[in-house]
Amino acid sequence: MSKLITTEPLKSMAEVISNYVIQRESFSARNILNKNSLVKKEIRYDLEVPTSADSIWSVYSCPDIPRLLRDVLLPGVFQKLDVIEGNGGVGTVLDIVFPPGAVPRSYKEKFVNINHEKRLKEVIMIEGGYLDMGCTFYMDRIHIFEKTPNSCVIESSIIYEVKEEYAGKMAKLITTEPLESMAEVISGYVLKKRLQVFGFEIKPKLRFNLLLCLIICLVIAGGMFVAGVPL
């Protein structure tokens with residue numbers, strides 16, 4: 001029996017287990033290496049606007065903003081900007097195509113966060129675009145900060161992760177320029193709407209003079225009324 005009973009089965013089991021552990025450790029090491037080979041970047045553009053935070057946020061958070069950008073604020077910029085899923089709220093997916101020569105030419109993006117309390121909107125790229133050029137993650141973040149009751153700051157950020165070997169190339173391609181354009185046209189749109197009286201645009205420099213004239217007219221009219229002078 002001593003010749004029949006050996007430790008070979010236990011040796012085989014030990015070898016199988018040790019090989020399994022080694023493979024798991026090797027797999028974990030590769031995962032750590034892959035994670036370490038990703039570069040995370042964040043770039044930002046701030047624009048101060050002389051109007052309330054709520055008025056600016058009302059445009060950024062508007063469910064109709066895809067149509068507004070395509071047809072009103074940035075006409076001619078997009079070859080296509082279609083809502084293919086959702087109604088303008090969280091979960092909405094846009095299919096965006098730019099004219100030939102643009103980089104990137106096309107991509108799909110998704111609204112993943114619209115926080116009215118914080119005035120925060122986050123949109124991630126889910127297909128095409130920079131994801132086909134070395135990025136593993138790309139997000140636009142818009143945060144509207146109130147500065148005073150009549151002024152605010154539009155904080156436009158881009159957060160992305162890219163494979164280390166593509167980091168230099170993508171740093172040259174990814175800029176805040178698209179978000180800058182959006183912030184400028186939206187703020188201009190809000191200011192123009194706010195400064196209209198009876199359909200006529202009132203330039204910012206004339207606001208104080210207009211208000212002063214209105215006050216003087218009211219004072220004169222009030223004085224004439226008190227004095228019994230017919231108006």
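Including glycine, each Cβ sits where the backbone N, Cα and C put it.
In Swiss-Prot this protein carries:
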- LYS121: active site, proton donor (ACT_SITE)
- TYR107, LYS108, GLU109: dopamine binding site (BINDING)
- ASP140: (4-hydroxyphenyl)acetaldehyde binding site (BINDING)
- 210-230: transmembrane segment (TRANSMEM)
Checklist entry - Of TYR107, LYS108, LYS121, which recorded positions come within 10 Å of ASP140 ((4-hydroxyphenyl)acetaldehyde binding site), going by C-alpha to C-alpha distance? => result LYS121
Checklist entry - Taking the center of the Cβ atoms of TYR107, LYS108, GLU109 at the recorded dopamine site, which other residues in this chain have a Cβ no more than 8 Å from that point? => result VAL93, LEU94, ASP95, ILE96, SER106, LYS110, MET125, ILE126, GLU127, GLY128, GLY129
Item to check | LYS121 (active site, proton donor) and GLU109 (dopamine binding site), distance between Cα atoms, whole Å | outcome: 13
Next on the checklist: Using Cβ atoms only, which residues of the same chain lie under 8 Å from TYR107 (dopamine binding site) while being at least 6 residues apart in sequence?
Outcome noted: ILE96, MET125, GLU127, GLY128, GLY129, TYR130, LEU131
Item to check | Spatial separation of LYS108 (dopamine binding site) from LYS121 (active site, proton donor) - C-alpha basis, Å | outcome: 17
Checklist entry - Tell me, how many other CB atoms lie within 10 A of the CB of LYS121 (active site, proton donor), whichever protein chain they belong to? => result 21
